[in-house]
Amino acid sequence: MSPLQPLVLALLVLACCSAVPRRRQPTVVVFPGEPRTNLTNRQLAEEYLYRYGYTPGAELSEDGQSLQRALLRFQRRLSLPETGELDSTTLNAMRAPRCGVPDVGRFQTFEGELKWHHHNITYWIQNYSEDLPRAVIDDAFARAFALWSAVTPLTFTRVYGPEADIVIQFGVREHGDGYPFDGKNGLLAHAFPPGKGIQGDAHFDDEELWSLGKGVVIPTYFGNAKGAACHFPFTFEGRSYSACTTDGRSDDMLWCSTTADYDADRQFGFCPSERLYTQDGNADGKPCVFPFTFQGRTYSACTSDGRSDGYRWCATTANYDQDKLYGFCPTRVDATVTGGNAAGELCVFPFTFLGKEYSACTREGRNDGHLWCATTSNFDKDKKWGFCPDQGYSLFLVAAHEFGHALGLDHTSVPEALMYPMYRFTEEHPLHRDDVQGIQHLYGPRPEPEPRPPTTTTTTTTEPQPTAPPTVCVTGPPTARPSEGPTTGPTGPPAAGPTGPPTAGPSAAPTESPDPAEDVCNVDIFDAIAEIRNRLHFFKAGKYWRLSEGGGRRVQGPFLVKSKWPALPRKLDSAFEDPLTKKIFFFSGRQVWVYTGASLLGPRRLDKLGLGPEVAQVTGALPRPEGKVLLFSGQSFWRFDVKTQKVDPQSVTPVDQMFPGVPISTHDIFQYQEKAYFCQDHFYWRVSSQNEVNQVDYVGYVTFDLLKCPED
C-alpha cells in the first residue's frame, strides 16, 4: 500500500484538446485518509505475479520476456486467454477479490503429500467478526465443513481451545502469521495446509464486509416477521431502500421489510436501534430517551462523551445527571461505514458534497464505483467519510474454499470450481466435480449412502459489551437480561414501537459449588491473584478462592475456574479487571483471554497486544486511570491501552525505576484497594502512591495478612 495522501481535496481537471464539444467528465476526488496507489499496470502485475508464486522475484527484467512468460503461466493456470500480454482481461483478473494462498507453491513448504491422517477433524473459532451475529457465523462455518464431510469420510467437531486441528481467526493487516492482509477488497482470506501448529489454520480479513453474499445481515425484532433478517433492497410505497428506515413512521423507529416488496407482502420487523433497546448499562435494556441531559448539556443522539473507550451510550431517562440510568447503543451495521477516515461511524443524511446535497450513499467523486457517504452533515467542511455497506462477501463460500486448503487442496484452474482462487458468489451448490475429485483423491469417498452434516457442538454466546457508566460506576450490570417483549405486531409499520428489548439475552452463569474441604490456607504459592468485582481472587491449578463481601466467612471457595470462565487453562499467570469496561483479562504463557460477562474474546497471542517473543508471560497487571494498564514481565513493564488493546512499544520501563524497593523477581503483581502488591514466594510488598511517588509501605504474608489464615 502506498503512503496516505495529504488531506487535500484535489479536482482532476481534464483539458479540452479539440474544438469538438465533449461530454463533461465526472469529477474525481482524492478522499482524505484513503490509501492510494500510483502503481503502473506493469508494477501491479509484477507485484501480483510474485505474490502468488508465478515469479521468483518482485522485479522482472526490462526486456519483457520474463514478464511474458509469467503472464502466460498465470493465464494458463487460471484458464484465461493465453496472450502473454497485460490485456484488460488479465488486469481485471488481477484486480478481482481472491484467496491469499499462492497459486504456485505454498505458504509453508513440506515434502510429501499434505493431508490429515485422522478423520475426526476438530476446529476452534478463536474470535468473531462484528459484521454478522455470532450464531450466523457459527452456522456459516458448520455448513462450510458440511460440504466436505458430505463427500468424504471426514467429520468435523467444534472444540473450544487451541488444541484444535483448524483454528479459525479474523484479523486485519499484519495479524501474526507473516502473511498480512491488504485492507478492504483484494485478498479476502488464506489458510495453511494440514499439519501441526499454524498448519491447518484459516484466517479471514476483518476489514472486509462479511455477509452471506447478499448484503448486511440484520436480525429484526418484534413486527410480524418472527425475527427474520432484513431484505435489502426492499420496496416501500414504490421506493427502493438499501438500509433500515424511519419512513412511514412518526416515532423515528427504524424498521425494514423482510421480503423484497413490503407493499406486496407486508412483512417487517424493527432494526437494532437505541430507540428500541440498549445493551448492558444499568437500565435493564430500556431504550434511549432523547433529548437527555448529561453534565448540564443536552444530547439528541447517542454519544461517547464522558468515556475514554469510544463506546456510544445514552441516558434512558431525560436527565442522566439526576437519575444516573444509561445503556449502550446498538451498532447500526446497515449504516456503519468501513474504510475512509471515519471507520465505525454512521452515515449522516443528508450531507453536502461539492455544494450538492445527498440523501443516500453516492458514487460521485469516485472512479471505482464504490458507494460512500459523509459521516457529518458537510463533507466539504469536515472531510469525514467512509464506504457504505455493499453486498459483502459470503462467509460461507469463502470459508468453504479456505477449509479446502486446510484439508490439503490447492487452487484449481476450473473457473466454476469452489477451489478456483477468485471469489464468485453463487446460491447453487458450490462443490464442482473437480473439487470432489480432488478431496476424494486425498481421503476417499464417503462410505455412507446418505451424506450427513458434521458433528458439531454449539453454544450460545453474546457480543462483548462494556458495562461501565459514562463517568463513574453507579451500579453493577444487571444479573439478567430484560424479560421477553411482545412477539406479534400489526401488519404494517405500527404507529408506535414496542417498549420491550430484544427477545433473547445471554444465559445465566453456571452455579458455583464451593467445596469447604479444600482449605485455601494449605496453598503454598498461588498462580495468580487479582481484584475482580472489587473482591480479591486467588487462583491455583484450575481453582479459585475469593474474599467475601462484608461480614461472615472471610474466604469463599474453592470454585472451579471453568465453572465461571470455561475457556481458561488450568494454569494462569496473572489477571486484571478494567474498572471502566469491566472486561477481565486473563494471561497464561503467551496467550490472553478477555471476558465480558459470559462473552469471550480469545485466546489471542501476546503478539496481538504488541508484546514480542521476548515476553514469555505476563506476571502481573496494575490498572491505571483512563483505560490504561501496566503489564509486567520479568524486570520490565509496558503501558497497555484497553481500548486499542495494544501496548506502547516505547513505554518499556525497568520495574525498579517506578517501584523502588520491590523484589527484582516477582510472580504475582496486582492492585487491591488502590494499592499495588508485588509478591515473591510467600510474601508481598505493598506499594502506595503519594504525590506521584511510589514507596513500599508494608511487607506481609499472603496467607496470614491477606487471607487471615491462623499462624499455627
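Using N, Cα and C of the backbone, Cβ positions are placed for all residues, glycine too.
What Swiss-Prot annotates here:
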- 455-465: compositional bias 'Low complexity' (COMPBIAS)
- 491-504: compositional bias 'Pro residues' (COMPBIAS)
- 505-514: compositional bias 'Low complexity' (COMPBIAS)
- 225-273: domain 'Fibronectin type-II 1' (DOMAIN)
- 342-390: domain 'Fibronectin type-II 3' (DOMAIN)
- 523-568: repeat 'Hemopexin 1' (REPEAT)
Helix, strand and coil totals (DSSP H, G, I; E, B; other) for the repeat 'Hemopexin 1' (523-568): 4 helix, 22 strand, 20 coil
Number of helical, extended and coil residues in the domain 'Fibronectin type-II 3' (342-390), per DSSP: 4 helix, 16 strand, 29 coil
Residue counts (helix, strand, coil, in that order) that DSSP gives for the domain 'Fibronectin type-II 1' (225-273): 4 helix, 15 strand, 30 coil
Mean of pLDDT values spanning the repeat 'Hemopexin 1' (523-568): 85
